[in-house]
C-alpha cells in the first residue's frame with residue numbers, strides 16, 4: 001500500500017513538472033527590496049513545477065529547483081547601497097530629474113541584459129509567460145513579443161498614472177495624488193491643478209520619453225527591426241500586480257486586470273542570528289530598528305547628523321539596531337550596527353517597538369503586517385506619500401531629512417514609543433491589512449497561472465486601454481460639444497439680430513407710410 005502511494009506521489013510530481021510553463025522573469029533591478037516582491041512569486045511558481053528563468057542581481061544562496069538564474073549583479077552600472085548624501089539632496093530637490101534618472105536607469109538595465117551573451121542565448125527561446133517590473137521604461141517588453149507570450153508587470157509602489165494607464169484603468173488627478181507629491185487625498189483647487197499638471201507630465205515622460213524613440217531603437221537592435229513600438233506591446237499587458245492594499249492606501253477604482261498583492265514579500269519570521277537574537281531578547285525596554293533601505297548610504301550623511309542620531313539613541317532606554325555601512329564606527333552601548341539586518345525576522349520579534357525608516361514601500365508594508373509604528377524620514381520617489389498616509393492614520397510621525405537634530409529625533413522616537421495609541425492603531429491597521437480571502441502570494445500565483453492557462457487575459461482589459469489619449473479624456477467629445485454650443489449661440493444670435501433688424505425695418509416702413 002505504501003509503495004503504491006509512493007508511486008502515485010512521484011507520478012503527481014512528474015505530471016506537475018511536465019505540465020509546467022516556461023516563464024521568463026526580467027528583474028535586473030538593483031534594489032533588493034524591489035526584487036523581493038518578484039522573488040516570492042517566482043520561487044513559488046518554481047516550487048509548483050514551472051520552469052522559471054530569471055535575470056536578477058540577487059541570485060539565491062541555495063539553488064531552487066526549476067529556478068534558473070542569469071546573475072547580472074557584477075555588471076557595470078549596477079550598484080546597491082550607492083546613493084550618497086550629496087546626490088540624495090539633488091534627487092530630493094528635483095522631481096523631474098528624479099524621474100529622468102528612473103528612465104535612464106531602466107535603459108541601463110536593458111543595455112546590461114541585451115549585452116549579456118546568456119540573455120542573447122534565450123532571446124529566441126519560446127516562453128509561455130514573461131514577467132517584468134514597471135519602473136522607468138519597458139524596453140524589455142520585446143521578450144514577450146518575441147515569444148508571442150502574455151506579459152505580466154509588477155509595480156512595487158502604490159498606484160502610478162503610467163502603470164494604471166497601460167491597463168485602461170482610470171487614474172483621476174482630482175482625487176489621486178501622483179506618487180511623488182505631498183498632497184493629501186482631499187486636495188484644494190490649486191493642489192488639484194498642480195496634481196493634474198504632474199499627472200500629465202509623468203504620462204508624457206513615461207510613454208514618449210521612457211518608451212520613446214531611443215528606447216525603441218535600442219530594443220530593435222536586439223529584437224529585430226520588425227519589433228512593434230514598445231507602447232503598443234505595453235498596452236497588451238495581460239495583468240498588473242501592484243504591491244499595495246486599500247487598507248494602507250486610499251481606495252481606487254481598479255479594473256479586473258489590476259490586482260493588489262500588497263505584502264506578497266512578507267514571510268513568516270525565521271530564527272535570528274544568535275548575536276541579534278540575544279541583543280533583542282535582553283532589551284528590557286524594547287528595540288528600535290533603524291534603516292534607510294538598500295539604496296542610501298547612511299554613513300555618508302553629514303557628521304553632525306550622524307552625531308545627532310548617536311546622542312539621541314544614547315539617551316533612550318531602548319536598544320537600537322542600526323543599518324550602518326561602517327561597522328567600525330564608535331557607537332553608544334545600546335546600539336548595534338551592521339551593514340545588513342534580516343528585516344522581516346526583526347519585525348517578528350516580540351520586543352520590537354518602532355521602525356525608523358525612509359518609507360520605502362516594501363519595508364513599510366512589512367511594518368504594517370507586523371504592527372510596528374513608524375518614524376518616517378522620507379527621501380525620494382513615493383516615500384513622502386507613503387509616510388504622509390501613515391501619519392494621517394496616526395501610526396507614524398514624519399522627520400525632515402534636512403532637520404535631523406538630536407532634539408527632533410528624540411522627540412519623535414519618544415512620541416511613537418511612549419504614546420501607546422501609535423502601537424494600538426498600527427495593530428488595528430495590521431488586522432485590516434491581513435484580513436483577505438486569499439494571501440497576497442496565493443492571489444498572485446492564482447492569477448499568474450490563470451494567464452498561463454488562458455494564454456493571456458485580454459478579456460479582462462477595458463476598452464479604455466485602446467483609446468487615444470484625447471479620446472480617453474473625452475477631449476474630442478468636449479471639443480465637439482463646445483463647437484456645437486458656440487455654433488448654436490452664433491446661430492441664435494444671428495437669428496435674433498435678423499429678427500430685430502426685420503422688426504425695426506418694418507417699424508420704420510410703417511412710420512414712413514403713416515407720415
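A Cβ is built for glycine as well, from the same backbone N, Cα and C atoms used for every other residue.
As annotated in Swiss-Prot, transmembrane segment covers the listed stretch 472-492 rather than the other ranges in 451-471, 472-492.
Residue 236 (N-linked glycosylation site) is 23 Å away from residue 51 (N-linked glycosylation site) when you measure Cα to Cα. Confidence annotation: the topological domain 'Cytoplasmic' (493-515) carries a mean pLDDT of 74 in the model. Distant neighbours of the transmembrane segment (472-492): 464; these residues of the same chain sit at least 6 beyond its ends, with a Cβ under 8 Å from one of its Cβ atoms. Comparing residue 236 (N-linked glycosylation site) with residue 303 (N-linked glycosylation site), their Cα atoms are 50 Å apart once rounded.
A simple way to gauge crowding: the CB of residue 51 (N-linked glycosylation site) has 18 other CB atoms within 10 angstroms, across all the protein chains here. Ranking the glycosylation sites 236, 303 by how many other Cβ atoms lie within 10 angstroms of each Cβ puts 303 at the bottom.
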